[in-house]
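Quick look at what TrEMBL lists:
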- 240-250: compositional bias 'Basic and acidic residues' (COMPBIAS)
- 274-283: compositional bias 'Polar residues' (COMPBIAS)
- 30-498: domain 'Major facilitator superfamily (MFS) profile' (DOMAIN)
- 233-290: region 'Disordered' (REGION)
- 30-48: transmembrane segment (TRANSMEM)
- 68-85: transmembrane segment (TRANSMEM)
- 121-142: transmembrane segment (TRANSMEM)
- 154-175: transmembrane segment (TRANSMEM)
- 312-331: transmembrane segment (TRANSMEM)
- 360-378: transmembrane segment (TRANSMEM)
- 385-403: transmembrane segment (TRANSMEM)
- 409-432: transmembrane segment (TRANSMEM)
- 444-467: transmembrane segment (TRANSMEM)
- 473-495: transmembrane segment (TRANSMEM)
Amino acid sequence: MANESEDEKPTYTVDEALVKMGFGKFQSLVLAYAGMGWFSEAMEMMLLSFLGPSVQSFWGLSSEQESLITSVVFAGMLLGAYSWGIVSDNYGRRKGFLITSIITSGAGFLSAFAPNYISLLIFRCLVGVGLGGVPVLSTWYLEFIPAPDRGIWMVIFSAFWTIGTIFEASLAWLVMPRLGWRWLLALSSFPSSLLLLFYRVTPESPRYLCLKGRTAEALHILEKMERINGKKLPSGNLVSDRERELEDRSMLSPSGDQADINLNRLEGDRDSIPNLTETTNEDSTPERKDSNMGCLSLLLMLLSPRLIKSTLLLWVVFFGNAFSYYGLVLLTTELNSGHNRCVSNDVQYEKSQAINYKDVFITSFAEFPGLLISAAIVDKLGRKLSMSSLFFCCCAFLLPLLFHQPQGLTTTLLFGARICITGTFTIVYIYAPEIYPTSIRTTGVGVASSMGRIGGMVCPLVAVALVHGCHQTTAIILFVVIIFLSGISVVLFPFETKGRDLSDSVSSSKLVNTS
């Protein structure tokens, strides 16, 4: 513990400082930087809709070789989402997204000069590895937002994805017919390079610094935020959540250390029982133990008794969200021609090539209503009710497609389904970082995002293949079942995070299971 003179001073946490200063110019700059990363990932993902067919005709590839161009990106993202979360939890948020930006921009630009099919696969897989670290940016941004405003500002952050998809569709529409796929690849790598250009001015997360015991550095960033936002910090000393928890417990009883021991025994968390030595040695506190875990320990912590239910349910939701989102993007084109999909593939391929850019551009606008709806309900209804309602509404939009519908109705139903799935995708990226403590936050979100990448890989191989094989009803049933199970998983989430402060370590987490 601190000395007596410091004990008498008031204390405040990072969360309390953020609430006192509010969302201001400082956070707006953080939003612009993180949003550029989200924008660049959306461009690279939308690029997959145009790259495969162009490269297939350019090099005379088989349909399996064309599909592999998309699959290797998701495979790379699967590896990256797992790896960069661990890097950022152990070595800092800034180091995490610096490495991902270098890989994404470099491999993306070099893929434009790929001399053959194999080299293109290698470069696109590396792009996927870099893109897998983009959730680190969302976690970094989240840790600067005051708790009461997290919902709406995370939705605004998600709007960068929608803008990125529309921008890429527009770019492809302009570039591909005139300059070809190599120019599109090169131009699409530019936003990732902007992250490198402005990297030096980005601050580290003060919450992460506090967790690592680097309180002076965290205070320096908060003071800079104070100057830019024009709002005063709370008076007193900056402390971590764990230090505040120990302070509060000591105030509840004249024998603070004994009360702390009893409370921890009641919680069954033997590792977090402090003794007199531990309270005077910063490096031996449970919070510091949490912050210095190895890769395996970080993964095991996600499956610890406190977090296992949330983690497993979150994996299901991420898988279902990605499977459904990318599936609906593809189905919009696959089902748009109704019964004609099951006739001459050559004729249909030529027709789809003629309308592809326009269709993708128009349907991308379905994401704007999804963002507006999620912004309107995420802080009013809460994360759980918002997500589950949108999942079930998505099922309702898809059920009529069990039977062949007129083209206009099919497009309308898919448009509505995409609105709903965009909303759930937006909200789950708000909820996921909120349920994990700072010590494992990016690892938790990264591993969950990996599950989403698996969904993205499986979707075209299973669901869309069924449509190609004229099994539309079976494909729609598969989508409905997966989306419904995702909605049920949301209902089973053990707690709501609306308005809650973020916790720093597992041992100090307030988000214990309540069901």
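We count from 1, first residue shown onward.
Even glycines carry a Cβ here, placed using N, Cα and C.
Owing to the predicted nature of the structure, the values given are computational and were not obtained by experimental measurement.
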Result, the transmembrane segment (30-48) in contact with the transmembrane segment (154-175) (3+ CB pairs under 8 Å): yes
For the transmembrane segment (68-85): best-contacting stretch of 121-142, 312-331, 385-403, 409-432, by Cβ pairs under 8 Å: 121-142
Long-range environment of the transmembrane segment (385-403) - Cβ separation under 8 angstroms, sequence gap at least 6: 317, 320, 324, 335, 373-374, 377-378, 409-410, 413-414, 416-417, 420-421, 423-424, 427-428, 431, 472-473, 476-477, 479-480, 483-484, 486-488, 490-491
Highest-contact recorded stretch vs the transmembrane segment (473-495), from 121-142, 312-331, 409-432, CB pairs under 8 Å: 312-331
